[in-house]
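For reference, the structure is listed below as structure tokens.
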Amino acid sequence: MPGGLLLGDEAPNFEANTTIGRIRFHDFLGDSWGILFSHPRDFTPVCTTELGRAAKLAPEFAKRNVKMIALSIDSVEDHLAWSKDINAYNGEEPKETLPFPIIDDKSRDLAIQLGMLDPAEKDEQGMPVTARVVFIFGPDKKLKLSILYPATTGRNFDEILRVIISLQLTAEKRVATPVDWKNGDSVMVLPNIPEEEAKKLFPKGVFTKELPSGKKYLRYTPQP
């Protein structure tokens, strides 16, 4: 795919038409964290379940200062009409608004710039549609995480929320989150922190797992 973003790249300050009007991306983000996520097409089954779950979790993202914005190659008019279906799927009033805007990228200009097109999935005209991409940007507008799923596999938005919590925690504290970590679980002390400094940084205690190598790199501490 042409285009695309690498970790640490700054988000392009694009302009786009959305379900809340025309936006400039950096102005939309402000000082918040941001999630930009694309889907293949409106009025399709997997996408409806995905955006339905994203809408359900929107309050959890909002209370963590995260702004959400979706994107596909459909028009604003289609986005608004489809939003009724998404709300109905969630068992709510079938209104045209969601807790986040959706970008109209009929031209595919943004999808090309951001490397979002799936060459294996095409529309009725034989043109590629957007894959299931997730970009997470920090308050500095730089890319902190990217996820790329094919059209046939829906994403787990609870996992995306878990990742946001980890990213925000590790941006503030000198820790890392281990496999299958959940909010409130113990975290790992970074291996470049000397033992004496670790004791001062983590007053709740540092617990080291003894290993056959004798190396003391598996160090846990309660979540700060």
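The backbone N, Cα and C atoms fix where each Cβ goes, and this holds for glycine too.
Reduced to three states, the DSSP call for Cys47 (active site, cysteine sulfenic acid (-SOH) intermediate) is helix. The C-beta environment of Cys47 (active site, cysteine sulfenic acid (-SOH) intermediate), restricted to residues of the same chain at least 6 apart in sequence and closer than 8 Å, consists of His39, Pro40, Arg41, Ser72. Residues or ranges marked as active site, cysteine sulfenic acid (-SOH) intermediate in Swiss-Prot: Cys47.
Per Swiss-Prot, the feature active site, for phospholipase activity maps to Asp140. Neighbours of Asp140 (active site, for phospholipase activity), defined as other CB atoms within 10 A of its CB across all chains, total 13.
Feature annotation from Swiss-Prot assigns domain 'Thioredoxin' to 5-169; the stated evidence is sequence analysis.
Residues or ranges marked as phosphothreonine in Swiss-Prot: Thr44 (among others). Residues near Thr44 (phosphothreonine) in space but far in sequence (CB under 8 A, at least 6 apart, same chain): none are found.
In this structure, Lys63 (N6-acetyllysine) belongs to neither helix nor strand by DSSP; it is coil. Taken from Swiss-Prot, the feature N6-acetyllysine covers Lys63 (among others), and the record attributes it to similarity to another entry.
Other C-beta atoms found within 10 angstroms of the C-beta of Tyr89 (phosphotyrosine) number 16, with every protein chain shown included. The annotation phosphotyrosine is assigned in Swiss-Prot to Tyr89 on the grounds of similarity to another entry.
Secondary structure at Thr177 (phosphothreonine), taken from DSSP and collapsed to helix, strand or coil, is coil. According to Swiss-Prot, the feature phosphothreonine maps to Thr177 (among others), an assignment based on similarity to another entry.
Lys209 (N6-succinyllysine) falls within neither a helix nor a strand when secondary structure is assigned with DSSP, and so counts as coil. The feature N6-succinyllysine is assigned by Swiss-Prot to Lys209, with similarity to another entry given as support.
The N6-acetyllysine annotation in Swiss-Prot covers Lys209 (among others). For Lys209 (N6-succinyllysine), the same-chain residues 6+ apart in sequence whose C-beta sits under 8 angstroms from its C-beta are Leu218, Arg219, Tyr220.
In sequence order, Asn65, Val66, Lys67, Pro139 are the residues near Ser32 (site 'Important for phospholipase activity'), counting only same-chain partners six or more apart with C-beta under 8 A. According to Swiss-Prot, the feature site 'Important for phospholipase activity' maps to Ser32.
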Comparing the modified residues Lys63, Thr177, which residue's C-beta has the most other C-beta atoms within 10 angstroms in this structure?
Thr177
DSSP three-state call for Asp140 (active site, for phospholipase activity): helix, strand or coil?
coil
Coarse DSSP state, helix versus strand versus coil, of Tyr89 (phosphotyrosine):
helix
